[in-house]
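See below for the structure under consideration.
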Amino acid sequence: MDHHHHHHQHLHQEEGEDGDNGGYHYEYNWSNYTVEQGLSAVGFGKFQGMVLCYAGLGYFADATELMLLSFIGPALQSQWSLSSSQQTLLSTVVFAGMLCGASLWGLISDHFGRRTAFLAISILITISSLSSSFSPNFMALLILRSLVGVGLGGASVFSCWFLEFLPASDRGKWMLLFSTFWTFGTIFEAALAWIVMPRLNWRWLLALSSLPSFLLILFYSLAPESPRYLCTKHRLADAQRILDKIALVNHAKLPPGTLVPDLPNGTENENEDDSRTPLLKTRPFSSLSLLFSSDLIRTTMLLWVLYFGNSFSYYGIILLTSELSAGQTQCHPSVSTTNNLNSQTAATLYVDVFITSLAELPGILLSAIIVDRVGRKLSMIIMFVLACLFLLPLAFSFNFLNHYSATLTTTALLFGARMCTLGTFTVACIYAPELYPTSMRATGAGIASAMGRIGGIVCPLIAVGLVAGCHQTAAILLFELVLVFSALSILLFQFETKGQDLKDTVSA
């Protein structure tokens, strides 16, 4: 009875202090809950479904804008008579933009909120993508596409935001469902190119591809701020309001009592917490320096290697697809007898890219089956090894096969390799934000993905150069080497995050 009475008294005192951001002293009794406990109580429901759709649309828009590059290159080459290095420049500037964007949006969303970042990202992509379809010359196109790239760097903001609404138990599964939006984006773009390019021209393709990002602006008012983010900023009343709304939409109940910020290790010592948070409030770049603090430097460095390897191999395989479907003929003159080569290779390009894009679906399915079972690290290692095995035969030419079955074998192997590299990529995108605490989650994950972009920049320069110069074996062996290195880096990670609570503060 006495305990019950105490609880009531405590609750009143709590409500009195709710609006007050100043000195709070939370007792850890059962009348208080953290965001993590609140989210676990309301579970995954309709509300998260809505969040999933909005974040997914962001991912979808990113994929469509990125996949463009493999389709408009050839068309531009004939219209503006570009050299192949100029054509490569087009994807390089986009990746360079993404490199700047990834770090920039991470910092913005960790300091001004996830929603602010969304709005800026979607406006930037829509305007620059739409205006790039009116480019008078190659230079203008380059500048506008690099701006699109800056916007595309914001992909990790969408995934961090979605992650922050998820209860711990099935996080992996939902994050993978989320990444299917990326795949549908690539498939949509391949289908769009297949329809638009032969009938209209590349300008139409650019204009139509800016539609998804326009929808992001349209539905912006529906996107709620992340309650985890609000808690780290001590805006508890706002966070509470959003949690109440989630509970209402999901027809679930929050735990009794009031929301408290997640103190490290459940400590009740308010001074320790207070001394840490003003640091994050006053210095926007403190989250950058924390990436290299003794707690996190190992994680940060390994993630960079992992992301570099991932995007090097993933984009490499996409580029290999278009190179091998066009380039088989140049390196083995005996094969090419037809004159109408161009129209034919253009058609096979759309088909090949379309088919290998479909490879991403089984890739995601494979990761979904294993990611919450065997954990993040092991599932990435398994898929890296599989990718190595799929690529290996491509190091040898299939001269002993006739043209048709050689093409078929090549497509099948690329299909398998793309399936696995996308699988490791998606698992890494779940793993990265889980490794960092909320106060710097978007920054950490954003900069890791920026490192990946460097892989995307270096890859076409090296790998495509090798394939175009008929050194196919060397190119494939290079990919194998990168894959092996990435798999080794995973072994060195200290933490497995499967089923763990997300951290809100920096202390380990």
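Cβ atoms here come from the backbone N, Cα and C positions, even for glycine.
Listed in TrEMBL for this protein:
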| type | residues | note |
| --- | --- | --- |
| COMPBIAS | 1-10 | compositional bias 'Basic residues' |
| DOMAIN | 51-498 | domain 'Major facilitator superfamily (MFS) profile' |
| REGION | 1-20 | region 'Disordered' |
| TRANSMEM | 51-76 | transmembrane segment |
| TRANSMEM | 88-108 | transmembrane segment |
| TRANSMEM | 117-134 | transmembrane segment |
| TRANSMEM | 140-163 | transmembrane segment |
| TRANSMEM | 175-196 | transmembrane segment |
| TRANSMEM | 202-223 | transmembrane segment |
| TRANSMEM | 349-371 | transmembrane segment |
| TRANSMEM | 378-400 | transmembrane segment |
| TRANSMEM | 412-432 | transmembrane segment |
| TRANSMEM | 444-468 | transmembrane segment |
| TRANSMEM | 474-493 | transmembrane segment |
Using a threshold of three or more Cβ pairs below 8 Å, and leaving out pairs closer than 6 in sequence, do the transmembrane segment (444-468) and the transmembrane segment (202-223) count as in contact?
no
When counting Cβ pairs under 8 Å to the transmembrane segment (117-134), the leader among 51-76, 140-163, 175-196, 378-400, 412-432
140-163
So, does the transmembrane segment (140-163) come close enough to the transmembrane segment (444-468) to give 3+ Cβ pairs below 8 Å, pairs being at least 6 apart in sequence?
yes
Does the transmembrane segment (175-196) come near the transmembrane segment (378-400), with 3+ Cβ pairs under 8 Å (pairs 6 or more apart)?
no
The transmembrane segment (349-371) and the transmembrane segment (378-400) contact flag, 3+ Cβ pairs under 8 angstroms:
yes
Contact count check, CB pairs under 8 angstroms to the transmembrane segment (474-493), set 140-163, 378-400, 412-432; argmax is 378-400
So what's near the transmembrane segment (412-432) in sequence-distant terms, Cβ-Cβ under 8 Å and 6+ beyond its ends?
156, 159, 163, 171-172, 175-176, 179, 182-183, 303, 306-307, 310-311, 313-314, 317-318, 320-321, 324, 355-356, 358-360, 362-364, 366-367, 371, 376-377, 379-380, 383-384, 386-387, 390-391, 393-394, 444-445, 448-449, 483, 486, 497
